[in-house]
Each structure stands twice: as structure tokens, then as C-alpha cells.
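**Q** Below is one structure. I have some questions about it.
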Amino acid sequence: LTCVTSKSIFGITTEDCPDGQNLCFKRRHYVVPKIYDITRGCVATCPIPENYDSIHCCKTEKCNN
């Protein structure tokens, strides 16, 4: 499985997930109004949202774009 790790105006950076990590995730952490810190990558299980986080998990190639 290939997941997106970062995204910018120059394109996306991806990683091949290691064995046992068969989900891609995208975490949006609320910082201030209209500003989010976004983290992407591979995980074995979908993380539980904390505080002001929004988490999306998926199982297809680059689905966390």
C-alpha cells in the first residue's frame, strides 16, 4: 500500500507502508480558525481523534491525499 505523507504546491510525497500497516490516514489538527496542521502516513489501526483532531482512514492507494 502506498500512502501520501505530505502535499504541497510542488506535488505529493508518498511512502510504501511497511508490513502490518495496511491503512492510510490523514489527521487534521485545528490550530486557529481556518488553519489546520495536517499529518498523513501509514498506520496499523486508525488513530482515535484527540482534542480538535479530525481523522480519516482508508485502504486504497494514495487515498489520504
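Here the Cβ of each residue, glycine as well, is placed from N, Cα and C on the backbone.
These figures come from a predicted structure and were not determined experimentally.
Annotations for this protein, taken from Swiss-Prot, read as follows:
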DISULFID  Cys3-Cys24  disulfide bond
DISULFID  Cys17-Cys42  disulfide bond
DISULFID  Cys46-Cys57  disulfide bond
DISULFID  Cys58-Cys63  disulfide bond
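Give me the lay of the land around each of these features.
**A** Long-range Cβ contacts of Cys3 (disulfide bond) within its own chain (separation 6+, distance under 8 Å): Thr14, Glu15, Cys17, Cys24, Phe25, Arg40, Gly41, Cys42, Lys62, Cys63, Asn64.
Neighbour list (Cys46 (disulfide bond), Cβ cut-off 8 Å, at least 6 residues apart, same chain): Leu23, Phe25, Ile55, Cys57.
Look at Cys58 (disulfide bond): DSSP puts it in a strand. For Cys58 (disulfide bond), the same-chain residues that are 6 or more apart in sequence and have a Cβ closer than 8 Å to its Cβ are Leu23, Cys24, Phe25, Asn64.
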**Q** Work out the three-state DSSP category of Cys46 (disulfide bond).
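**A** DSSP assigns Cys46 (disulfide bond) to coil.
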**Q** Can you tell me how many other Cβ atoms are located within 10 Å of the Cβ belonging to Cys63 (disulfide bond)?
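**A** Taking every protein chain into account, the count is 17.
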